[in-house]
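**Q** Handing you this structure, nothing more for now.
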Amino acid sequence: MHPAPSVIVFTTLSGLGFGLLFWLGLGLPAVTGWTAFAFFAIAYLLAVGGLMASTFHLGRPERALKAFTQWRSSWLSREGWASVATLLVMALFGAGLVFADASWQPLGLLGAALALATVFATSMIYAQLRTVPRWKTPLTPALYLSISLAGGALLAGQVAMALVLLPVAAVMQVLWWARGDRALSESGTNLATATGLGSIGAVRAFEPPHTGTNYLLREFVHEVGRKHAQKLRILSLVLGYALPVVLLLLPFTHVFALVAVLSHLAGVAASRWLFFAEAEHVVGLYYGKRAA
């Protein structure tokens, strides 16, 4: 699929922001006053910035509010409601820490749970799609949650947790890639099943559906060279997980901490680009992009 910059920014920043809100909701780090304000400001900038970026890919961004009415059937709508609930609850919790030096822990725990629910709902927007076999797996929400928790721990300064969660997220990413590379072929979806003509012989397209490009080709069919994809995968693992872990193991400095966060952000952004660019929508079969 076309890796639109807006959805890459959305999934990268919002995951990190809601991950940080999760740890803040648990009282980690235990901060009050202006220090708490700084942590919450970073979390809200990331979460809200990511959510706003998600509207840029819409043809009519002003219609985004209509998504809130479809919560019974739409994971996008559920994500919207969960994100708003998280931001409201954590605003109250943060106000207590900043202005009253008080930790209203029930609110914090509720906000932490809602933050995870938001990330889960985001992942399910993609994991529910049968038309993209690479995405349709329980590993997709597991991947989104593990990256969000690891990045949040890194931003929250929870070194011990980050040293555990970053490798876990890296393993989840590798497992997701390994399963995804064979997802389309193992799904059994091909031209024969699409046309129902497989019982009478081999099915192939004898000419292109049309002579020019169209919306489907622009949005749902995107080819990435294998060597290019492998290089990006290695880069995302090194920047997103290996380098931050190495920096966390060194004596603490604010410079190392900043580099670790920026490196993780760059690595996750690279993996998110691959998440969309390598997605093989079954509509590509119609255009002969994948025969089996």
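Glycine is treated like the rest: Cβ placed from N, Cα and C.
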**Q** May I ask you to indicate which of 7-28, 271-292 is given in TrEMBL as transmembrane segment?
**A** 7-28
**Q** So which residues does the transmembrane segment (34-59) touch in its own chain, when a touch means Cβ under 8 Å and the partner is 6 or more beyond its ends?
**A** 4, 6-7, 9-18, 20-21, 24, 83, 86-87, 90, 94, 97-98, 155-156
**Q** So, do the transmembrane segment (139-156) and the transmembrane segment (80-100) meet, by the test of 3 or more Cβ pairs under 8 Å (sequence gap 6 or more)?
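**A** When sequence-distant Cβ pairs are counted, the transmembrane segment (80-100) does not touch the transmembrane segment (139-156), since fewer than 3 lie under 8 Å.
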**Q** Among 80-100, 106-127, 232-250, which stretch has the most Cβ pairs under 8 Å to the transmembrane segment (7-28)?
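**A** Ranking 80-100, 106-127, 232-250 by Cβ pairs under 8 Å to the transmembrane segment (7-28) puts 106-127 first.
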